Amino acid sequence: MTSTGMNMMSRIIFYEDRNFQGRSYECMSDCPDMSSYLSRCHSCRVERGCFMVYDRTNYMGNQYFMRRGEYADYMSMMGMSDSIRSCRMIPMYRGSYRMRMYERENFGGQMYELMDDCDNIMDRYRMSNCMSCNVMDGHWLMYEHPHYRGRMMYMRPGEYRSFMNMGWSGMRFMSMRRITDSFY
């Protein structure tokens, strides 16, 4: 099953100042460079859907997952600066979830297939690192630490041969979670 038509209704509004004040920018899809719309961003309101926000243009840098809700001062709440530079809409997905994770780059080493959330790959699989993956179905969040903590990375269907080449050198992914319709 693929993404539903509800994606057209996704909407996030960014505000320059805290408490939804100042200039605003409304986004209903992916935006690779927000710097021409806002000089800074201190609050946002996700009216519908889910988004990833990034502190660099073109969906690079630190990533933060935002779901429906109001974030009156989310920059300080998440420990971010005011440098949100891009955002990506996460399409709603209803269907099966499947991801193969690999111990080494280029799909090398031990391989395990996930179809549900994994709060600790070390405990479940005795796997100390995940350096590449193939997302066959669904949308996932991968976390730096067990129990869905630390920095995160959004994974949509596709092959990810080397996390190090994607700018994540030195970071280990130790837990994974499906982005299900309960987030919406």
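Each Cβ is built from the backbone N, Cα and C atoms, and glycine gets one as well.
Here is what TrEMBL records for this protein:
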- 10-48: domain 'Beta/gamma crystallin 'Greek key'' (DOMAIN)
- 49-91: domain 'Beta/gamma crystallin 'Greek key'' (DOMAIN)
- 138-180: domain 'Beta/gamma crystallin 'Greek key'' (DOMAIN)
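DSSP places the residues of the domain 'Beta/gamma crystallin 'Greek key'' (10-48) in helix, strand and coil in these numbers: 3 helix, 21 strand, 15 coil. Residues in the domain 'Beta/gamma crystallin 'Greek key'' (138-180) partition by DSSP class (helix H, G, I; strand E, B; coil) as 3 helix, 20 strand, 20 coil. Across the residues of the domain 'Beta/gamma crystallin 'Greek key'' (138-180), the predicted structure has a mean pLDDT of 91.
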